[in-house]
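One structure is given here, and the rest of the page talks about it.
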Amino acid sequence: MSKFLASLVAATMLVPAAARAEGTIEVLHHWVSQSEVDALNVIRKDLETKGFQWKDSAVGGMSGANAQQALRSRLTSGDPPGAMQFLGWEGPQWAEQGVVRDLNDLAKAGGWREALPPQLLAFVTSGDAFIAAPINMHRQNWVWANKKIFDEAGIAVPKTWADLIAAGKKLKEKGVTPVAMGDEPWQIGIIFDALLSDLNGPEFYKKAAIDLDPAALNSPEMVKVFDALREVRGLVDDNFVGRDWAVATGMVINGEAAMQFMGDWAKGEFLAKGLKPNTDFYCFATPAKVTSFQYVIDSFGMFTVKDETVQKAQVALAETIMDPKVQKGFNLIKGSIPARTDVSVDDFDDCAKLGFNERAEAIEAGSMLGAMTHGFAAKPEFASVFGDVAAQFFVGKMSSEDAVKMLVEGIDNAR
Amino acid sequence: MNAAKSFSSRLAGWLPRIVVAPSLLVVIVTVYLFILWTGVISFTSSKFVPVYDFVGLEQFVRLWATPRWHTAVANLFIFSALFLVLSTGIGLLMAILLDQNIRSEGLLRAVYLYPMALSFIVTGTAWKWIMNPGLGIQKVVNELGWTGFTFDWITDPNMAIYTVVIAGVWQSSGFAMAIFLAGLRGIDNSVIKAAQIEGASLPLIYRQIIIPMLRPAMLSVIVLLSYIAIKSFDLVLALTNGGPGSATELPSTFMFSATFRRNQMGVGAASAIMMLMTVAAIIIPYLYSELRERNNG
């Protein structure tokens, strides 16, 4: 009897222990806000059903720069985390250093390459290797607008930048701040990236922001971009210094301002206030003849480790991330859309549905573009030159011609 | 007995060195070794991760061809010069006024010194709001009735660096005051009395006698404030984040963003070496004169 009891006790104690025994994986990331953590929990729970534990290493701040520093010191000391959140070129750059695990077998078996938009592959592959599992896709070039202000002023959703700027001027005359934003270079960069493609077409964007073609950089089209940026500056109030993007979103929500140019992480601010897309607020892409979809993705890469249980956990984590069900659950909370293109659009809100549609169109039209300001076009040393010039131009009194000259010289200096 | 005594006396001789050794080792490794390493990196083509190929002065050439770096260097000189002069001047004035045997001097001293207890992050954030034209001084004055008043330096790329000076001076002049006050207390009253008997006026006494006698305090204040000026990274980060545009970039913020955010580790290291040279140009003559005085004394 006592033996039976003892074995029963041992068995009950063993069950959770056995579930954990499959392995633990440490994941280094920079997501610390509530919605981000909630979204991550979708991944974590799915991983746990496979019997693996997620060990959280969150290093917030500086848009991921702090987490990158943490990673550098971990790699240098020979103790990399099992997995790491990658932004922009970080994944391919670490892969060049030979520290990232190749997931090609999983990718082939799971048909990952076919499930993802082809434009994404540059950021999740390195040569023949598949180096990171992308979980989501944000779109950078959205406009968020207060519907009531638009309706009262008799303004329709603009179809061109000329319409948009004219609408802004009309609103300004009525005493409404047309555009809410802060003076941080990345907030200005969002508008610059949009203008680059919207005014001159996606091919020009690729030449200028990805290939860094000197002819494109030093062209009348580039001057046109700065001219339009100057027009946008006229639509921003003078108190924009040091304003956080979420504060600017709040101005649109409260009716202090009419529009904001911001990625779809701004959507959460509207939804949290109980506002409904197309009844309380508008979401639409920055206007253009060929509407572009400027994407920002988060992916998770796995580092080469010796521990076999961690290796197994890495496989499980990668499969979890690429699971359409998980991608759906994650993105419903995060406000982005799945990186995979084969996830159903049901349950998503109208803005996300619009995003799905326009992504499909953009893939066809060749206007699916990496968002430069968030590191998905030129490498950081070049993208930051664009950011510097656009920001200095925006807050100062530089002429468009001088800005183009400064841009060309800056890019050459960074080459 | 004899052996024990010699052992203990030998131990006594070695003890200071043994005690100091670990901290010396830590300082050598964490400070001087990394200075050396940064120097090595500045001569390589390192971008995302360190690589050890020798490219000569290429990164320094690139650094000096970057307009942002020129802004940063110019800002450092504008900021340091104004910050030093204003903090020292205001600190000295406050110390002299506090030294006039006024009532509740202790309280006032604490009030003036208090900003020093705040971190630059707090100072920067508070002044960001105070100087924002839509929230702070300008709005208050406009609402009081003076509608034409503008104070929008923080939005103007040409003036924004002066807002950093204002916040820095606000924070540090109390600290300068404290050191000057200590110096004033150390001056023998009989000197002043003698001057008064000779018929010297009070301003003259201060100008000709007391301020020259504060020279050691002055030197300490200047050296300490120079350190603060050079490492004012967090003040800029909180107040303007280098903006508007890159108008308030300082060498320290430039170095951080080049190294950690822009894939330009080599350029970042080169800028760090330039900063080291600048600090050395100030500190080495100071150390030299200090050590020479001590040897003479």
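Every residue gets a Cβ built from N, Cα and C, even glycine.
Per TrEMBL, the features are as follows:
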TRANSMEM  B:20-43  transmembrane segment
DOMAIN    B:73-288  domain 'ABC transmembrane type-1'
TRANSMEM  B:76-98  transmembrane segment
TRANSMEM  B:110-130  transmembrane segment
TRANSMEM  B:159-184  transmembrane segment
TRANSMEM  B:205-230  transmembrane segment
TRANSMEM  B:265-288  transmembrane segment
At an 8 Å Cβ cut-off, counting only pairs 6 or more apart in sequence, do the transmembrane segment (B:265-288) and the transmembrane segment (B:20-43) clear the bar of 3 or more pairs?
yes
Close approaches to the transmembrane segment (B:20-43) from elsewhere in its chain (Cβ under 8 angstroms; 6 or more beyond its ends):
50, 52, 54-57, 59-60, 265-266, 269-270, 272-273, 276
In the same chain, which residue numbers or ranges, 6 or more beyond the ends of the transmembrane segment (B:205-230), come under 8 angstroms Cβ to Cβ?
76, 79-80, 83-84, 87-88, 91-92, 96, 168, 172, 175-176, 179-180, 182-184, 187, 191-192, 195-196, 251-252, 275, 278-279, 282-283, 286
Beyond the flanks of the transmembrane segment (B:110-130) by at least 6 residues, Cβ under 8 Å:
94, 98, 136-137, 154, 163, 166-168, 170-175, 177-178, 232, 234-240
Contact set, same chain, for the transmembrane segment (B:159-184): CB under 8 Å, 6 or more residues outside the stretch:
75, 78-79, 82-83, 86-88, 90-92, 94-96, 98-99, 109, 112-116, 118, 120, 123-124, 127, 131, 153, 210, 213-214, 216-218, 220-221, 224-225, 228-229, 232, 235-236, 239-240, 243-244, 247-248
